[in-house]
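Since the structure comes first, as structure tokens, the remarks are kept for the end.
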Amino acid sequence: KTLLLTLVVVTIVCLDLGYTRRCFNQQSSEPQTNKSCPPGENSCYRKQWRDHRGTIIERGCGCPTVKPGVKLRCCESEDCNN
């Protein structure tokens with residue numbers, strides 16, 4: 001029983017069950033906010049582009065595909081997309 005319990009604990013620690021990535025999600029110059037990403041989503045992104053309003057910045061979970069002319073930075077650590 002002790003060996004089985006040890007294996008279960010080691011497995012949980014190694015897999016880090018229940019862990020979710022946290023990313024910033026404020027837009028452009030809004031106050032800084034962040035959110036927990038859905039389970040299995042391990043990336044954060046920061047998209048930046050210019051339009052008639054000026055420079056627009058979008059942040060969130062994942063690493064989306066972007067159109068030409070949009071700068072994209074993806075990263076894989078806590079709150080790395082500011």
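All residue numbers here begin at 1 and follow the chain in the order shown.
Just so you know, glycine gets a Cβ as well, placed from its N, Cα and C.
Per Swiss-Prot, disulfide bond is recorded for C23-C44 (among others). For C44 (disulfide bond), the same-chain residues lying six or more positions away in sequence with a CB closer than 8 A to its CB are R21, C23, F24, C37, R59, G60, C61, G62, C74, C75, E76, S77, D79, C80, N81.
According to Swiss-Prot, the disulfide bond annotation covers C37-C61 (among others), on the basis of similarity to another entry. The number of other CB atoms found within 10 A of the CB of C37 (disulfide bond), across every protein chain shown, is 18.
Among the features that Swiss-Prot reports, disulfide bond is placed at C63-C74 (among others), with the record citing similarity to another entry. Taken residue by residue with DSSP, C74 (disulfide bond) is part of a strand.
In the shown protein chains, 16 other C-beta atoms lie within 10 A of the C-beta of C75 (disulfide bond). The annotation disulfide bond is assigned in Swiss-Prot to C75-C80 (among others).
Taken from Swiss-Prot, the feature signal peptide applies to 1-20.
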Nonlocal residues around C63 (disulfide bond), in sequence order (Cβ under 8 Å, 6 or more apart): S43, Y45, L72, C74
Most crowded position, judged by CB atoms within 10 A, among C23, C61, C74, C80 as disulfide-bonded residues: C23
Secondary-structure category, per DSSP, in which C37 (disulfide bond) falls: coil
